[in-house]
Amino acid sequence: PQMMGIPLILIAIILPMLLMFTSSTRLSSNRMTTMQLWVMNTITKQLFLPVNMPGHKWAAMLITLMIFLLSMNMLGLLPYTFTPTTQLSMNMALAAPLWLATVLTGLRNQPTASLGHLLPEGTPTPLIPLLIIIETVSLFIRPLALGVRLTANLTAGHLLIQLISTAAFVLMPTMPMAALSTLIVLMLLTGLEIAVAMIQAYVFTLLLTLYL
């Protein structure tokens with residue numbers, strides 16, 4: 001069996017080694033460890049500004065998630081490759097457990113405040129049942145919104161690239177100048193897709209931090 005072309009037996013051999021061997025604080029850090037710590041600190045400062053200090057324990061996992069999403073998004077821009085994050089099933093598999101973890105953590109640590117979000121302060125008494133239903137639905141729709149947003153943005157960009165590249169290929173024999181203009185548009189759109197891949201990975205992770 002394979003996962004994205006990588007044999008699972010290879011992953012099973014390498015992963016325990018990565019978990020077992022950690023850098024010691026008594027030894028001087030190498031360049032790789034220093035770079036990893038710098039990346040973690042930089043991203044943590046950006047992502048966790050609205051989060052209190054106890055929430056910073058999520059930093060390593062969410063940064064790993066963002067790097068994973070960025071890698072998967074960029075993978076689809078290579079020729080003859082498939083973008084895993086254009087599949088709603090994969091995005092939901094990432095969004096739903098993490099969203100559920102934030103909800104359960106909030107209910108465990110601050111149950112009153114978590115349940116208080118279902119009823120905004122100052123709500124008129126007749127509207128209380130309706131607002132509780134609306135806030136509950138909006139709470140449960142969050143993972144779906146995360147997954148659909150990522151899927152829709154990446155799929156739309158890839159479809160545009162496919163259509164414009166097909167148009168350039170068709171116009172090349174008969175209308176070379178029009179094909180050249182189409183290729184220029186294709187290059188600009190590819191640059192835009194690179195930016196979208198980065199932004200979507202950041203937004204996915206940022207929204208999860210806001211749910212904390």
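Using N, Cα and C of the backbone, Cβ positions are placed for all residues, glycine too.
Annotation source Swiss-Prot lists transmembrane segment at 3-23, 58-78, 87-107, 128-148, 154-174, 179-199, citing sequence analysis.
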**Report entry** Recorded stretch that, among 87-107, 128-148, 154-174, 179-199, has the most CB pairs under 8 Å to the transmembrane segment (58-78)
**Finding:** 179-199
Query raised in the report: Where else in the chain does the transmembrane segment (128-148) make close Cβ contacts, counting only residues six or more beyond its ends and a cut-off under 8 Å?
Result: 88, 91-92, 94-96, 99-100, 103, 117-120, 204, 207-208, 211
